[in-house]
C-alpha cells in the first residue's frame, strides 16, 4: 500500500514535469530552463542539507566522477526537454524507458556486473521496441525520436555511473553535486540565450524545479516498500498517462506502432528484473 502511494507521487510529479517542460519550451531555450531548474533546486535542497548536518556532509573525494556523470546527465536532460518540442510527449516517455537497458549494458561493460541470458533478451527486446517506434524503413524518422533515444542512452550512462558513486557517496551528496556541476555547465549558454520569462512561465519553471527535486525521492521511497518487479510495471503507467495528457492538452495521438514498441520495451525491462524476482524470499 505504501509503495503504491509513493509511486502515485512519482507518477504525478513526472507527468506534471512533462507538461511543464512542454509549456516552458514554448517561450524559453532549454539551456535557460535547465539553469533555472538547477538554481531553484539549490533553494529547495538547502533546508534538507542543513537538517542533515550542514555542508560537511557534502564533502567528496570523487569530484571527477561527479563531474563526468553530471555532464552526461546534463546533456541527456537537454535532449529530453528538446525532444518534448518535436514529438508527442507520450512517445518521448516510451523511448525513455529504454534507459534501464542501456544501464544494464554499461554496468556489464564497466562495473563487472554479470550479463545473464535474461539481460541479453531484455536488450534485444528493447532495441526491437525502439525500431518499432521509430520505424526507419518508412524513411520518415523524426529527429525528435533520435534525440529522445540519445537522451535515454545518456540517462543509462548516468545511471551506471551513479551505481559506482553510491558505493561511497550519499544520495544527498550526489544530488548536491548534480546541481553544482549542471548549474556551472549551463551558466554561459544561459547568458547567451537569456530572455526574461513571463509570469506564466515563471510558474512552470517552479513546477519543474519541485518535480525534478522530489520525484526521485518518491521513487526511492517506493523501492523501500516493494520489489523492483512491483515498482517498474507501475512506473510504466507513465506511458499511457503522458499519452492521455498529450491528447487532452495538445491533441496528440499515439499510433499503434508506438504502443506496440512501448509494450516490447516494458517486457524487456521485466525480463531484466527476472533474476532478482527468482531469488527465494528467505535468501533476500
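Glycine is treated like the rest: Cβ placed from N, Cα and C.
Automatic prediction, not curation, is the source of TrEMBL annotations.
Taken from TrEMBL, the feature domain 'EamA' covers 16-134 (among others). Sorting each residue of the domain 'EamA' (16-134) by its DSSP state yields 96 helix, 0 strand, 23 coil.
According to DSSP, the domain 'EamA' (143-272) comprises 110 helix, 0 strand, 20 coil. Residues annotated as domain 'EamA' in TrEMBL: 143-272 (among others).
Sequence annotations record features per position, and here TrEMBL assigns transmembrane segment to 30-50 (among others).
Per TrEMBL, transmembrane segment is recorded for 71-87 (among others).
Annotated transmembrane segment per TrEMBL: 118-138 (among others), in sequence order.
Residues or ranges marked as transmembrane segment in TrEMBL: 144-162 (among others).
The feature transmembrane segment is assigned by TrEMBL to 174-194 (among others). Counting same-chain residues at least six beyond the ends of the transmembrane segment (174-194), those with a Cβ under 8 angstroms from any Cβ of the stretch are 29, 31-32, 34-35, 38-39, 41-42, 45, 49, 58, 60, 63, 66-67, 69-71, 73-74, 77, 162, 165-166, 213.
Residues 6-7, 9-10, 13-14, 16-17, 20-21, 23-24, 26-28, 33, 36-37, 40-41, 43-45, 175, 231, 235 of the same chain sit 6 or more residues outside the transmembrane segment (200-219) yet have a Cβ under 8 Å from a Cβ within it. What TrEMBL records for 200-219 (among others) is transmembrane segment.
Residues annotated as transmembrane segment in TrEMBL: 231-250 (among others). Within the chain, the transmembrane segment (231-250) has long-range Cβ neighbours (under 8 A, six or more residues past its boundaries) at 3-4, 7, 10-11, 14-15, 18-19, 22, 88-90, 92-94, 97, 100, 219, 222-223, 262, 266, 269-270, 273.
The feature transmembrane segment is assigned by TrEMBL to 256-273 (among others).
Listed by sequence, the residues of this chain that lie at least six past the ends of the transmembrane segment (30-50) yet keep a Cβ under 8 A from its Cβ atoms are 21, 24, 57-58, 74, 77-78, 81-82, 172, 175-176, 179, 182-183, 186-187, 189-190, 192-195, 197, 205-206, 208-210, 212-214. Of the candidate ranges 71-87, 118-138, 144-162, 118-138 has the most C-beta pairs within less than 8 angstroms of the transmembrane segment (256-273). In the predicted model, residues of the domain 'EamA' (16-134) average a pLDDT of 85.
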